[in-house]
Amino acid sequence: MHFSTPSCFLLPILALLLISASSAQYEEQEEELIDPLTYLENPSHYQQKSQEWIDKDYTLAAGLIRLHFHDCAVRGCDASILLDHPGSERWADASKTLRGFQVIDDIKAEVERKCPKTVSCADILTAAARDATILSPAPGDATGLDLENVTALLEFFQSKGLNVLDLVVLSGAHTIGRTTCGAMQHRLYDFHGTGEPDPSISPKYLKFLRRKCRWASEYVDLDAITPRTFDVMYYKNLQHNMGLLATDQMLGSDSRTSDLVATLVSKPSIFYSQFAMSMEKLGNTQVLTGEDGEIRVNCNFVNP
């Protein structure tokens, strides 16, 4: 993490992922009473902006988590996913369904007013992903990687310094959010060119999805049971052959991951604590520090 001036201090954002939902409450303060130091040290001020957006559209919670994941997964957590120009990650086909950019812009504008050229866009994106997790209703859009099997997923995660536990736990982000029907319609009618549906889908779930996904442009919840709640229902669904994406369902059946799925179902507390730790590991992937990179004034463009 890089700071341009010593007068404005920001607690390490990634450590704040461990903050519990109960500590996320705050009291509203008059803006003129908040000095830059207090503003940046207090995560509730970031969370206030996130909450305003998520209150208007609950699906943005999953969108922000997915946005953070895609940023870290490509070149490390450098907020390069926010750059908006031809040839950028944001313009790639895989990024067309990413959401939450306007939330980051709103938070960044507020931070720049309080303490200009101090907080990086990568820190703000990480904070927004943290807030999205906290603000999702819990008893406590998904990462969206398009890899064809568990082996490919494991190899990808290992290339980022993550392990099989991180893979299974971070996939649990699919407990909230939606995806387009086009992302999984091939499973419903012509799986791998067979002219038949994916045999791993529960017959009842298949019937539900065919009724729900008449058009590729329509949206469907990643978790059909509790789509607005950050819980372990995602894993329970896998045990009942109700994983929406093929790679999700594979986690429930592959011998390398199925035992972990069962453990998280039986012990939800492990999921909540490990999700924070795995997000922290992800957030530490190829982070720019010191004089590397720059603190952008506008997250969509490099500084002139």
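Cβ coordinates come from backbone N, Cα and C, glycine included.
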Hey, TrEMBL has Ca(2+) 2 bound by ASP223, THR226, ASP231. Any idea which of THR151, THR175, THR285 it lists too?
THR175
Quick one: TrEMBL says CYS299 makes a disulfide with which of CYS121, CYS181, CYS213?
CYS121
So CYS213 is in a disulfide according to TrEMBL. Which of these is its partner: CYS115, CYS181?
CYS181
Which candidate, CYS72, CYS115, does TrEMBL give as the disulfide partner of CYS77?
CYS72
By the count of other Cβ atoms within 10 Å, pick out the sparsest of the binding-site residues ASP71, ASP78.
ASP78
How many other Cβ atoms are found within 10 Å of the Cβ atom of CYS213 (disulfide bond), counting all protein chains shown?
21
When DSSP is mapped onto helix/strand/coil, what comes out for HIS174 (heme b binding site)?
helix
State which of the following recorded positions has the fewest other Cβ atoms within 10 Å around its Cβ: CYS72, VAL74, CYS77.
VAL74
Just going by other Cβ atoms within 10 Å, which of the disulfide-bonded residues CYS121, CYS181, CYS299 has the emptiest spot?
CYS181
Take the C-alpha atoms of ASP71 (Ca(2+) 1 binding site) and ASP223 (Ca(2+) 2 binding site) and report the distance between them in angstrom, rounded.
23
